[in-house]
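Here's what Swiss-Prot has on this protein:
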- GLU301: active site (ACT_SITE)
- HIS300, HIS304, ASP315: Zn(2+) binding site (BINDING)
- CYS179-CYS251: disulfide bond (DISULFID)
- CYS258-CYS276: disulfide bond (DISULFID)
- 364-416: region 'Disordered' (REGION)
Amino acid sequence: MKITALASAILAVAQGALALPARAPALDITLSQVNNTRIKAVVKNSGTEKITFVHLNFFNDPSPVKKVSLYRNATEVEFTGIKQRLRSDGLSNDALTTLAPGATYEDEFDIASTANLTQGGPVTVRTQGFVPIAMNNKIAGYIPYSSNELELEVDAEKAVAVPASIKPLDRRTKITSSCTGNRATVLNTALRNAASIASKAADAASSGSSALFTEYFKSTSGNIRSAVAARLKAVASEASMNGGGSTTYYCSDPYGYCDSNVLAYTLPSTNEVVNCELFYTLQEVTNDCHGQDQATTIIHEFTHAPGVYPPGTEDLGYGYSAATALSTSNALNNADSYALFANAVYLNCQGQTGGQTTWDGYSQPGQTEPGTQTMWDGYSQPGQTEPGTQTMWDGYSQPGQTEPGTQTTWDGYSQPGQIEPCTQTMWDGGSEPGQTEPDAQTMWDNFYQA
């Protein structure tokens, strides 16, 4: 039933390339074979501007993360490494890479360490997705990446000799002995919150706002809505089982792959979920649209686990701006799409950025967000009008002005003589810009205090 719902949904949408912004900077990945299953990736900044991005869950991450996808006879080979959820701000400098235009770096890794290639034979290797860009050690947007397609002929005997990155542990209990005392209390509360939030999100996916659903999944199709609802219901069910479900939960890191930037990670091949130290610093439930918390981190991780709902999701777009740029088929397969949608349903965040920078800080500052909310473009049109609150900026040091009564002010450039609602006239653009309008409303004084 689960597989049928998801399969029919995916078949209903195009399986083409990721939906990419037209002018976005990008990273080009060139894959080549070093020997047998050892691969070299050359990462190149193909844009015209310097970029700083998060290389965790990407090339140069020393953890056994999914850097490439492997296919045998058009069927993807199971990944046996880890899928991490990263913090969105306060990133350490060692998690970041900066590349000048045209600059490159290399990463070598062995694909047999995170996949069973012991039968040998032909294997196809490729990768694509979005990598988060960072400003002031905070995720501020995304850039796309894609690679060539590499065809390998794997020597089975040599592949067998490659040690697996993850060694099996004794998983006799569903919630392990690492979950005691305060950590057990924290986990149980987080699971209850995750169950409640995922259940509400499942209902919203089935029959809630079509605009909100489209913001994250780019479709109003009944099949797509049913597929999203089914996965979220499965997540809610798993979180409600308090250790009796399909996943094994660790309250501390038995494998040693947590660091100061990782909230939690999942081993999809064994349906294991691990909380990192950073998890315990998160709020139980955030009040910020698209913020991170313990509850949605569990939702994110449970979507990775195929034992909860098959197949498990990937990390194709991380953070609000990347997740909402994905095509329908890719959003269905993206963990953060579910976590962010659940957060948006819970907080009623339709069309809101909630502190997440919507433009990418580089070549596309003028992003138009779902729900018809247009962001300012940072250049020639400072006087954008936002829905509802109609926030303006004066072109100088105070871009986020909010006018009383949702009244729109002049845009600081070519139209100073705006006529406002209720026939109230703004300053006339001539010699007396500091007019005092009816009802004691003082206009802009033609300098720095809008």
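From the backbone N, Cα and C atoms, a Cβ is placed for every residue, glycine too.
Swiss-Prot feature annotations superimposed on the structure.
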| residue | record | Cβ within 10 Å |
| --- | --- | --- |
| CYS179 | disulfide bond | 20 |
| CYS251 | disulfide bond | 21 |
| CYS258 | disulfide bond | 22 |
| CYS276 | disulfide bond | 23 |
| HIS300 | Zn(2+) binding site | 30 |
| GLU301 | active site | 31 |
| HIS304 | Zn(2+) binding site | 25 |
| ASP315 | Zn(2+) binding site | 23 |
- Message: Return only the integer: C-alpha distance in Å from CYS251 (disulfide bond) to ASP315 (Zn(2+) binding site).
- Response: 22
- Task: Find the one among the recorded positions HIS300, GLU301, HIS304, ASP315 whose C-alpha lies closest to that of CYS258 (disulfide bond).
- Result: GLU301
- Item | Closest of CYS276, HIS300, GLU301, HIS304, ASP315 to CYS179 (disulfide bond), Cα positions, recorded positions only | CYS276
- Query: Distance between HIS304 (Zn(2+) binding site) and CYS276 (disulfide bond) at the Cα atoms, whole Å?
  - Reply: 16
- Sort CYS258 (disulfide bond) into helix, strand or coil using the DSSP assignment. coil
- Query: Hey, for the Zn(2+) site built from HIS300, HIS304, ASP315, who else sits with CB inside 8 A of the CB center?
  - Reply: LYS83, GLN84, ARG85, THR266, GLU301, THR303, THR313, GLU314, ASN334, ALA335, ASP336, ALA339
- Message: Distance check, please: Cα of CYS276 (disulfide bond) against Cα of GLU301 (active site), rounded to an integer number of angstrom.
- Response: 12
